[in-house]
Amino acid sequence: MSPYALSVLMSSLAIGTITTLSSTHWFLAWMGLEINTLAIIPLMTNKHHPRATESATKYFLTQATASALILFSTAINAWTLGEWTITNLNPMSSTILTIALAMKLGIAPFHLWLPDVLQGLNLMTGLILSTWQKLAPMALLILINHQLNSNLLVTMAILSTIIGGWGGLNQVQMRKIMAYSSIAHLGWMILILTFSPTLTILNLMIYILLTTSMFMMMINLYSTNINKLATSWLKTPTISTSMMITLMALGGLPPTSGFLPKWLILQEMTKQHMSLISTIMAMSALLSLFFYLRLSYTISLTTAPNISNSNLMWRTQLKPLSALSTTIVLSLLLMPITPLLLTIT
């Protein structure tokens, strides 16, 4: 792709998200979401491959349906209340809007498009789809959190964590595993949304950090499936070790950063006297942890001592991703500064 075209598309992605984040009018927020959708589709079809075309088509149809629902719900809200302000919603508009934003994010039961779309993209576009594209819809959910139906959100959260864990068990493609990981993490975010929006923001930040680390390491190792991942230890032992620990962080094991949001969310849900739901969420997190452990086992223990036929050990030429070291350190070592984070929030 031409550098000029790429710069225009990346600028459009930034402008769309910033427009939605800074808007107080529903129509302006909708325009920001549309700019985001239209800017990422050329990035998806950059490589002229049938899978990329299929992914872009599925993504466009899903996002267009969700955008139509958003416009429909805000039009009903403006008709009944006489205003387009984001903070005022009637119950019917709130329910339709929750469904539309869940469809945009890929929250269960509106998740079926996400694994197939992510599988057809290259790793850098998949990184953008898994992180940056979550910001605008999640910001709208956080803005209207006090007007949302908590029962609907809790139901979708439980479905998301169970489906995200269950769907990733049988996968061998890394991008599909990351898609189901995204679905499971989104379930934790929307579970706590109406009770503590601050924890939702913290969970979103740590999810973006961990996912960025994983995708950057996959780009460095040229690994898109488990078979390629199994040979990564001989290429770059340091990054392979970091990937193992980052997978543990995604699973929520202490003392990594991924343990922090799950711990705080379960604590808050227990304070809300929702012990049964907390137990279901904790048990469903074990499903996700299983396939993270399987990936770690693949990286570390299933590689033969020497699989190269040459006398010299072949290793890949690492791509100069300067942010990789920073994201790895934050992914692994954010837990010790937990008391400071809690004091600030």
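Quick reminder: no glycine exception, Cβ is built from N, Cα and C everywhere.
In TrEMBL, the transmembrane segment annotation falls on 150-170 of the listed ranges 3-23, 150-170, 297-317.
Given the ranges 189-209, 273-293, the record in TrEMBL names 273-293 as transmembrane segment. Under the criterion of 3 or more C-beta pairs below 8 Å, with sequence separation of 6 or more, the transmembrane segment (234-253) and the transmembrane segment (273-293) qualify as touching.
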